[in-house]
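So the structure is just underneath, and the comments pick up after that.
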Amino acid sequence: MASCKQWTVFLSLLCLVSATMAAPLKKPVAVPFGRNYMPTWAFDHIKYFNGGKEIQLHLDKYTGTGFQSKGNYLFGHFHMQIKMVPGDSAGTVTAYYLSSQNNEHDEIDFEFLGNRTGQPYILQTNVFTGGKGDREQRVFLWFDPTAAYHSYAVLWNLYQIVFLVDDIPIRVFKNSKDLGVKFPFNQPMKLYSSLWNADDWATRGGLEKTDWSKAPFIASYRGFHIDGCEASVEAKFCATQGKRWWDQKEFQDLDAQQWRRLRWVRRKFTIYNYCTDRVRYPFMPPECKRDRDI
């Protein structure tokens, strides 16, 4: 019999999902891995299934592995279905992110921090602009990310960056250039994903080390959806600016239902938010109020 806590989470999520959204996200189209992506390192640690519709990344004591998008993108909707490393995954990190390729780079990060068997995964997000990061937020997920595939997506346009888990916003980073905060808008980015050993920091600040007797550690992927404005590395603007669905007025902000979903995540599952860390930031960063992080 499910516990009261489990039923509370289930009913809360049911109410959130059942409500009608004013601006529904366009349904992603699943494609084979090779349509949009290519391996980047340790090719033999990537396994292919169902004609490339599903892949696995393998991590052992010798190496992890990773892949990247074939194209560079300025804005878009980027979606992946991932099943995380099951069992004892302490010390491992599964990363899915966008990044530009220069010193003052922009970056939009999902990092899934493994844990000991029975302990929850931590999802860490971060945003780098002009080479500056240090905007970490951490949440527990309301489901077991190792038991089945779940969707992880980024919606990025000139107005905001939205991190989504199963279409539920878990974070928003608004364009606050008018407040003196840099925003990614003129550096095309590739998508990357990797599975690697980070037991010097990933689990309990590095106290929990990777148990190599449990190797190989395996993360599974499918979907590989990219709906973005493809651009050369040198491009400074999107040639289709204002013409794509994710670039329309209804996606310049979250709608009321999406804000309610985000508040639910923050209230129930957020365990760290840089906006409230007065040791690192004696004065609250200016973007936090606009992002409704307080």
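The chain as shown is numbered from 1 upward.
Just so you know, glycine gets a Cβ as well, placed from its N, Cα and C.
TrEMBL labels come from automatic prediction, so no person has curated them.
Cβ contacts within 10 Å of Glu107 (active site, nucleophile), excluding its own Cβ and spanning all protein chains shown: 18. According to TrEMBL, the active site, nucleophile annotation covers Glu107.
Taken from TrEMBL, the feature active site, proton donor covers Glu111.
Per TrEMBL, the feature domain 'GH16' maps to 24-221. Here the domain 'GH16' (24-221) returns a mean pLDDT of 96 for the predicted model.
As annotated by TrEMBL, N-linked glycosylation site applies to Asn115. In sequence order, Ser89, Ala90, Tyr121, Ile122, Thr203, Glu208 constitute the residues six or more apart from Asn115 (N-linked glycosylation site) in its chain with CB-CB distances below 8 Å.
The signal peptide annotation in TrEMBL covers 1-22.
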